[in-house]
Amino acid sequence: QVFADKAVPSWREQLTLRALVVSALLAVMFSVIVMKLNLTTGIIPSLNVSAGLLGFFFVRLWTSAFERMGLIGQPFTRQENTVIQTCVVSAYGIAFSGGFGSYLFGMSDTIAKQATEANDAWNIKEPHLGWMIGFLFLVSFIGIFALVPMRKIMIVDYKLTYPSGTATAYLINGFHTPEGAKLAKKQVKILGRYFMVSFFWGFFQWFFSGGDDCGFKNFPTLGLEAYKNRFYFDFSPTYIGVGMICPHIVNVSVILGGIISWGIMWPLIGKKKGSWYPASLPESSLHGLQAYRVFISIALILGDGLYNFVKVLIRTIAGFISMVQKNSKAMLPVSDNGSPTAEAMSFDDERRTELFLKDQIPMAVAYGGYAVVASISIGTLPQIFPQLKWYYILVAYVVAPVLAFCNAYGSGLTDWSLASTYGKLAIFVFGAWAGLANGGVLVGLAACGVMMSIVSTASDLMQDFKTGYLTLASPKSMFISQVIGTSMGCVISPCVFWLFYKAFSDIGTSGTEYPAPYAIVYRNMAILGVDGFNTLPANCMTLCYIFFAAAIAINLIRDLTPHKFSRFIPLPMAMAIPFYIGSYFAIDMFLGSFILFVWEKVNKAKADAFGPAVASGLICGDGIWTLPQSILALAKVNPPICMKFLTRGDNVKVDKFLGG
């Protein structure tokens, strides 16, 4: 009712040129940030607040510049703000669902060499800009069409909460009130300040990184022995910011996982060299110590994923049945003309529903779009991946809408998207169907991409529809902005990845700045799907079973105990991440969490208002520094100084060598 006296612009007026220009600018910015996170640890926090805040800031900047020139521009509305938000989130979402840090890069020779099994030409596809853009255009749009016919059922009839979409809507609505605009201005100032600090800190660090294992990123803050076991603070503003955004329990779980793996398990298993696995193998071999790191991590991820998949599926089915029973007096609506629920509506809900149903997306567009895109994909994808037969894709597209509905309904209830779990399921099903001799590893990874893209995009679209419903944005403008944002992402994300790939020669290699941990994890899942467990070293499978069961048990205990106790029980999925790559980023995240915790104790109101802005500034500044860093690397401009740390004994030897 606060906005009752303001006219709602038509869907065409919501899709402005400035909205698309600002969206493109922010899409590039956030794609770089997400790509960096993808290729370092694979932990991607929600960047919705940052995108909403920066979208609001840039359009206000645009309108004030026009006013200074004496030009009267169109007023900036919350509907236009929602269009920008939708466009940006769908664009940088491709940087995650496109698999550049997981299944797509897992196809490459770089990752195949580390996996040792199934590394023949039939199971490898090297990254190339052309086919990556084509692949993303083929698989990313089908999810947009899959659930359009269900939007009224999900949003109006079943009133699913979609917590992320709802939170984003309240954020945008708040910006467009006088008090909210003042707060947003202060938040942008804070974000800008920490952006500059983070950017110039990245620039300063670069000067000292002129060689392998050089610079602040390799600073043995906890001693050289701890550094060898990947326990050190690497001065990363990005992960301090991530720690401030992620819940405290996630940060504690990550550091606990690092202590259990690198602090206890790997040193103990390392002592079994020559007994459990050949002593002659290098540490990076997947027949040696590396196998325990990778496969125990996979066991935790699969155990956690399976438990949550079953839990969300049960909740989805139970919620669906209760909704059907609740509306049993009316027919189950199957289109925008379905029967309305008999519940009394508030003024807000009446207004929202009226406008949400006003600009309908024709059913012919939804069904026809799905059929056309699916047909093109079925005919074209086998040209990119000859191993991926047309009937595999047909089966995926027949099953996908059902899985997309389950995921969208589940995320509406719990805010938990299981897109990556559906992708892993596709790896095992399609990989085993094809078999190793027929390129099963590549088939599994490509099928993962198809399934993950559809399920993820469909769920994101429903979150956007919920945001639009609460901000009175037209579903038509939301749908079009999602299509435009997805198109941007299909071009921007591969180009950003290509920049990283060409600028950093050791990308994807364990122990480097960009290890892309999930690429090796996804490839090994595909190998397990087609090759079984025969090649693993002694006791590795036993430990995998133990950790798989432990992940399920921990989740079960979390769900069965009261909240006052369960909030202290760690998350197995978060614990699994440092098992493979080490704990250096976990220390950064824990520090970020600790800073926010202390800030909340000192002044909770300020921490709640400005904490996300500080975190976003740290993440954005360090992330954007990657662009000039990549350009310098491509131009063969190397840092002038190597700052390295040695033991006293090694230092004496170096001094003698240089003196001699």
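Backbone N, Cα and C atoms are what each Cβ position is placed from, and that goes for glycine too.
All annotation found in TrEMBL is predicted automatically rather than curated by experts.
Taken verbatim from TrEMBL:
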- 15-37: transmembrane segment (TRANSMEM)
- 43-62: transmembrane segment (TRANSMEM)
- 83-105: transmembrane segment (TRANSMEM)
- 129-150: transmembrane segment (TRANSMEM)
- 190-208: transmembrane segment (TRANSMEM)
- 239-269: transmembrane segment (TRANSMEM)
- 361-378: transmembrane segment (TRANSMEM)
- 390-410: transmembrane segment (TRANSMEM)
- 430-458: transmembrane segment (TRANSMEM)
- 479-501: transmembrane segment (TRANSMEM)
- 536-557: transmembrane segment (TRANSMEM)
- 577-599: transmembrane segment (TRANSMEM)
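For the transmembrane segment (430-458), the list of distant contacts is 90, 93, 96-99, 103-104, 106-107, 118, 122-125, 135-136, 139-144, 146-147, 377, 381, 385-389, 392-393, 396-397, 400, 403-405, 407-408, 417-420, 422-424, 486, 522-523, 525-527, 529-531: same-chain residues at least six beyond its ends, Cβ to Cβ under 8 Å.
Remote same-chain residues near the transmembrane segment (479-501) are listed as 11, 15, 19-20, 23-24, 27-28, 31-32, 35-36, 39, 83-84, 86-95, 98, 100, 105, 127, 129, 132-133, 136-137, 140-141, 144, 148, 361, 457, 460-461, 464, 507, 514, 626-627, 630, 634 (criterion: CB distance under 8 Å, separation of at least six residues from the stretch ends). By the count of Cβ pairs under 8 Å, the stretch nearest in packing to the transmembrane segment (15-37) among 83-105, 129-150, 239-269, 361-378, 390-410 is 83-105. Residues 37, 41, 43, 45-46, 198, 229-231, 276, 289, 292-293, 296, 567-572, 574-579, 582-583, 585-593, 595-597, 611-612, 614-619, 622 of the same chain lie 6 or more positions beyond the ends of the transmembrane segment (239-269) yet place their CB under 8 Å from a CB of it. The recorded stretches the transmembrane segment (361-378) and the transmembrane segment (577-599) do not share 3+ CB pairs below 8 A when only pairs 6 or more apart in sequence are counted, and are therefore not in contact.
Proximity of distant same-chain residues to the transmembrane segment (129-150), defined by a Cβ-Cβ separation under 8 Å and at least 6 residues beyond the stretch ends, is recorded for 94, 97-98, 104, 334-335, 361, 363, 365-367, 369-370, 373-374, 376-377, 380-381, 384, 397, 400-401, 404-405, 408, 449-450, 453-458, 461-462, 479, 482-483, 486-487, 489-491, 493-495, 497-498. Distant neighbours of the transmembrane segment (190-208): 50, 53-54, 214-217, 235, 237-238, 241, 610, 613-614, 616-622, 624-626, 628-629, 632, 639-643; these residues of the same chain sit at least 6 beyond its ends, with a Cβ under 8 Å from one of its Cβ atoms.
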